[in-house]
Amino acid sequence: MSQNAISDGEAFASTALSEKASPDPVVADVRTFDIDSQDLPEGYFRSPYFIGTLVAAGLSLSAGAGTFALAAPVLGVINADIGPDPNYLWVGLVYILTLALGQLLVGRLSDLFGRRWFFISGSVLSLIGCIVSAVATSIPMLIGGTTLIGFAAASQLSYPFVIGELVPFKHRFLSMGFVYCWGFPLDGFGPAVSYAFVQHSKHTWRSIYYLFIGINFLAVVFWFLFYFPPSFDERWAHKKTRRQVIQDFDFIGLILFCGGIVTFLMGISWGGALYPWKSAHVIGTIIVGFFSLVAFILYEIFVPLKEPLVPMHLFRNIRWVADIFMIALGASVYFCFAIVWPIMVFALYTSDLTKGGFLCCVTGLGTNSGQIVSGVLGKRIGKQKYQLIVAATLMGLFLGAGACATPYNQNTIAALLFLGCFSMGWLTNIGLTISGMIIPTQAEIGTAIGVGACIRETVSTIAGTVYTVILANRLARTIPAEVPPKLIAAGLPSSSVAAFLSAVTVGTPEAFSKVAGLTSAIESVGIAAYKVASSHAYQTVFYSTIAFSALAIFCSLWVPNVDDMMTDRVVATLHKRKDEEAGEK
């Protein structure tokens, strides 16, 4: 293996490069940068460049995950302030669409062209998006700001390969746990922080975006000052110019993929939300998107491409495929309860924003806690395959047990949901770290994790739609079947039942005052019956998680242990600024 010096030997320059042949001809010219961590200069991992990069990744995670985590719970409040506009649901949709699209592009393109400016630009874009959103005077303006935030989050949430390639293999689990700590305060406590801003800040919901303007500004500073990974010329060892890589790039595949994934996910997200499932808008976009993705896959398989958007040889690695789908299935459970649990909290347990806000934090806190603890213990416990099997099993057991939900066992359900999400966080962190390790060449770590992220967002969107459809269908059955008989038996005229059900959804004293024949006693009976009927619908959602958990368990059986990979190997090192400039000459 030939060693190539790329620095003049100064303390924190990139030290040794190892040019390795890739098993796939597509990446044969891309160099990986292997060195044993014991051979790095003394103090390398305490250098400003390394620590500054970790801080930049942590700040970016906090902004990329936190901005939408804080905004989503108060979208109704935002719509009431600068709307009302029925298109406010697009605020959530564009974030999902741009994130799914962007993560694959960031991973692949940064593998080819170098990472530095993708991550600086991502935080700059998020900064601009937060400024636009903070001063938004209409829902379309907020949608535009969120579009920028979603594209930016694609790079901000690509920390697994940024950090993974900079630390020894044996510390990849631990480094991921460290980065997740940065997301804990805002992602974990997101709903509580959101409602606190709405209730106690003079800027109300705009304070969310003001907060992330500051965080993104700091992230830009840290990326710019400290993150100097291998440059384009160093990655390609001067074998190709930028123009050659651009000429060889798969632009047709890019068009097919972008058009297909956006159209398909748009149709899935529209169904039952903006348009009925049987509408031409939904059916047409799903069909067009699906066949565009089929065309993309066939194009990538059968057309000889020098630089494909998605190297299809990744999918010949059954262990990697199983790992990616296991992560996606686990993430889909979180996506489900990130949507359903807040609705359930305010439907069954409380109308108080402060109490409800803290209850809504259960999913985020459980997930973040599982990610952090697994980062600390993932290597120490070892036998990662069995960790994943146990985590997937516990996830299914705890969430399935949530089917015991009633309006009167709030603490039990919160505890079960926390434990289920903790298990899911453990599963996704261990699986995500492994996904960047079990690939043929570390030159494609960005591509592998980016493709996995796109699959994860797609599966989560589909699963989220399944859960919401199940909930809507069950509510449409349980409430009409269970509530009217209780109301009529309590003395409410049958002609007032429909008005009562409408008043319950509004939840204000004014709404109840308009119901003819309603007394306080009848109101109490009706509300109790409504909560019980609703709980029966939510029970079905908990039951449905068992199927997704079972699939995750099956996938985990194919994921390997990586104990034998816990070595001192580092695949990329950081430069000083002048080394970056020298590498580009």
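Yeah, the Cβs are placed from backbone N, Cα and C, and that goes for glycine too.
Here TrEMBL flags 52-564 as domain 'Major facilitator superfamily (MFS) profile'. Annotation source TrEMBL lists transmembrane segment at 49-75, 87-106, 118-136, 142-162, 174-196, 208-228, 249-270, 282-303, 324-350, 389-408, 414-432, 540-559.
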In the same chain, who gets a Cβ under 8 Å from the transmembrane segment (174-196) while lying at least 6 residues past its ends?
54, 57-59, 61-62, 65-66, 69-74, 159-160, 163-164, 167, 205, 208, 211, 342, 353-354, 356-358, 360-361, 364-365, 367-369, 371-376, 378-379, 429, 432-433
Checking distant contacts: for the transmembrane segment (118-136), what same-chain residues at least six beyond its ends satisfy Cβ-Cβ under 8 A?
56, 59-60, 63-64, 67, 71, 82, 106, 109-110, 142, 144-149, 151-156, 158, 162, 206, 209-210, 212-213, 216-217, 219-220, 223-224, 227
Using a Cβ-Cβ cut-off of under 8 Å, list the residues of the same chain that are 6+ residues beyond the ends of the transmembrane segment (389-408) and lie near it.
326, 330, 333, 337, 344, 348-349, 370, 374, 416-417, 419-420, 423-424, 426-427, 430, 528, 531-532, 534-535, 538-540, 542-543, 545-546, 549-550, 552-553, 555-557
Distant-in-sequence neighbours of the transmembrane segment (249-270), which means Cβ under 8 A and at least six residues beyond its ends:
93, 96-97, 100-101, 104-105, 112, 281-293, 295-296, 299-300, 305, 307-310, 454, 457-458, 461-462, 465
Which stretch, 49-75, 282-303, 324-350, 540-559, tops the Cβ pairs under 8 Å count with the transmembrane segment (414-432)?
324-350
Long-range environment of the transmembrane segment (87-106) - Cβ separation under 8 angstroms, sequence gap at least 6:
68, 71-72, 75, 78-79, 118, 122, 139-140, 142-143, 146-147, 149-151, 153-155, 157-158, 254, 257-258, 261-262, 265-266, 269-270, 273-274, 309-310, 446, 450-451, 453-454, 457-458, 461
Cβ-Cβ under 8 Å with the transmembrane segment (540-559): same-chain residues at least 6 beyond its ends:
318-319, 322-323, 325-326, 329-330, 332-333, 336, 340, 384-385, 388-389, 391-393, 395-396, 399-403, 405, 420, 427, 431, 434, 463, 466-467, 470-471, 474
